[in-house]
Amino acid sequence: MTLIGLYAFEKRALYEVLLIAVGAGLLGTWIVLRGLAFYTHAVAAAAFPGLVLAAGLGFAPMVGAAGTGALVAAGVGGASARRRAHYDVATALALVGALVAGVVLASNVFHSGAEVDSLLFGSLFALTDLDLVLAGVASVLALLGTVGLGPRWLATGFDATGARALGVRSRVPDLVLLALVAFASVATLAAVGALLATALLVVPAATARLWTNRLLAWQLTSVALTAALGVAGVWLSVRTNAPPGATIAALGGVAFLISALVNESGSLYRRRHA
Amino acid sequence: MIDARGLAIGYRGGPTVLTDVTFSVMPGERVGVLGPNGGGKTTLMRALLGELESRAGTFTIEGRQGTVPQTERSRLDYPVSALDVVLMGALGRGPWWRRPGRAERALAQAALERVGLEDRARETFGELSGGQRQRVLVARALMQDADIVLFDEPFTGLDTPSAARLTALIDALAAEGRSVLVSTHDVGQARAWDHVLCLNGRMIEFGPPEHVLTETVLAETYEHAVIRIPDGWPRGVTQSAGASARA
């Protein structure tokens, strides 16, 4: 514990959530806008067998996670180039396949035991320097992507057919978005694990969307909310001895629920008094 | 300029849905495309935009194309302002990694002024009225500096003042030397344009309105589902199941 009342491991966890907040908050808005929540969940889950392999064979966990995550991202990206229906089916198959492979590897091959918990739900209080670097890099890349390619991501989502007619024909910007989401999913593993990546990458952005109808305001709110949920989750988990990843996810769920209820009540009130 | 000869169009993996289309649109001409729902109007537009390949015949397009699609095709829940939508018209000008800059923003603002929406630039696209959304999409076509502008049923759902404003815009675009192709169900409106193209799975007729808009051609186009409104009656509320036209 230090003078300001934070343990060293707690401080490190706070750096992690603050570093990843920019990338997760920004990409979250694109994930919600472009309907990529399912893809995000699948890519993060795909990291699970990679992590089990890395732990079992003794190489860097992030290498394993990035390897299997990239495989799934490339497969889903390739399928989406052909047809939207292929994209959804490919994503579902990847999700199921990754979980099955991870469970078989963990229980029958490496007998990973309790270690599986931290792979699935994160280990925010056992971070390495590499985890912090990855979080920072993911945020910088997300910021660069948003500034440079945001208008194209927006145009394609607004009207895909119309965008092609406008001359927005290159698939590169969309593939960059899929790659950035995959990278950010891997970067959030240390914080929330393979199963709760969407707690940082989707839930805060979906919550912030309920409060604003302007893109820039939404993006800023999403980043701020991701950071706030991360900080509150770390603080609360230390004080209640609860798992940090699950605490952040639970707080995110509560924030979304309250926002949705307030929003719905507001709409109801306006309709009645219109 | 558009020149199509014996065009046949179909969707990938599906049957041919439009055949024998021969017509031409010169700079400064307004062409109305009439036909029932499913008659091939949107299919023709999509083929002209290069989204569908022709299965027979040829067509030549000279000049940059702009499109004003049906607004329902856009995501009305998207957090984009009118200015953002107009700026999308600048994306085809540069390489994929280049974002529109200050010069493009000034052009987009000027395009909004041109359609009379300069004071709505910051408003969310989905919160504008149907007529205003159409005008934003016209501004987007202006942003593309299109020589050929394709309107896909732009008058659907518009009230009379909004329709009149849009008609004036279409006339102004043609007066600047742009070729304008407008798909519509309003036969009376098409009567005021330079040429009319009637479609119903194939080309029924193409030519000046006085030659094309005859009872025989319209009956063939709309499969006898044309309702005649006597002179002096208010226009604008006629319909029949499946196919309809206002004559």
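Including glycine, each Cβ sits where the backbone N, Cα and C put it.
Unlike curated entries, TrEMBL annotations are predicted automatically.
Since the structure is predicted, the reported quantities are computational estimates derived from the model, not experimental observations.
According to TrEMBL, the protein carries these features:
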TRANSMEM  A:12-33  transmembrane segment
TRANSMEM  A:53-77  transmembrane segment
TRANSMEM  A:89-110  transmembrane segment
TRANSMEM  A:130-154  transmembrane segment
TRANSMEM  A:175-203  transmembrane segment
TRANSMEM  A:215-238  transmembrane segment
TRANSMEM  A:245-262  transmembrane segment
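Against the transmembrane segment (A:175-203), stretch A:12-33 has more CB pairs under 8 A than any other of A:12-33, A:89-110, A:130-154, A:215-238. If one looks beyond the transmembrane segment (A:89-110) by at least 6 residues along the same chain, the residues whose Cβ comes under 8 Å of a Cβ in the stretch are 38-39, 41-43, 45-49, 51-53, 55-56, 68, 72, 75-76, 79-80, 116, 119, 194.
Below 8 angstroms of C-beta separation, residues 12, 15-16, 19-24, 26-27, 30, 33-34, 60, 62, 163, 168, 173-174, 176-177, 180, 183-184, 186-188, 190-191, 215, 219 of the same chain, each at least six residues beyond the ends of the transmembrane segment (A:130-154), sit close to that stretch.
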